[in-house]
Amino acid sequence: MAGKELKQCQQQADEVTEIMLNNFDKVLERHGKLAELEQRSDQLLDMSSAFSKTTKTLAQQKRWENIRCRVYLGLAVAVGLLIILIVLLVVFLPSGGDSSKP
């Protein structure tokens with residue numbers, strides 16, 4: 001009887017050992033996956049930083065482009081108004097000649 005109980009205890013100990021080894025393998029596998037996830041998250045962080053820098057640079061370029069466009073438009077309007085003013089002055093101001101004297 002003692003031999004049977006000893007055999008049963010040994011079998012249970014072997015089962016526990018096998019379960020513990022399986023758990024250890026799972027822990028190692030999980031550690032590998034966590035390391036991979038950490039590496040991927042670091043890469044994503046680097047990529048997001050680069051993206052943020054690029055968007056700030058692009059926004060600044062677009063802002064200056066918009067300002068430049070407004071300046072050109074303002075200059076075009078000013079030149080157009082100046083031309084209209086010169087034409088009106090030439091047409092409506094009396095000329096230096098005495099064409100109105102009898």
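Each Cβ is built from the backbone N, Cα and C atoms, and glycine gets one as well.
Under DSSP, residues within the topological domain 'Cytoplasmic' (1-72) fall into helix, strand and coil as 71 helix, 0 strand, 1 coil. Under the heading topological domain 'Cytoplasmic', Swiss-Prot lists 1-72.
The feature domain 'v-SNARE coiled-coil homology' is assigned by Swiss-Prot to 5-65, with sequence analysis given as support.
The phosphoserine annotation in Swiss-Prot covers S41 (among others) and is backed by a large-scale study or a structure entry. S41 (phosphoserine) counts 10 other C-beta atoms within 10 Å of its own C-beta, drawing on all protein chains shown.
On its own chain, S48 (phosphoserine) has no residue at least 6 apart in sequence with a Cβ closer than 8 Å to its own Cβ. Summarising the annotation, Swiss-Prot assigns phosphoserine to S48 (among others) and lists similarity to another entry as the type of evidence.
When Cβ atoms from all protein chains are considered, those within 10 Å of S49 (phosphoserine) total 10, not counting its own. The phosphoserine annotation in Swiss-Prot covers S49 (among others).
Annotated transmembrane segment per Swiss-Prot: 73-93, in sequence order.
The annotation topological domain 'Vesicular' is assigned in Swiss-Prot to 94-102 on the grounds of sequence analysis.
Restricting the average to the domain 'v-SNARE coiled-coil homology' (5-65) gives a pLDDT of 95. Distance between Cα atoms for S41 (phosphoserine) and S49 (phosphoserine): 12 Å, as a whole number.
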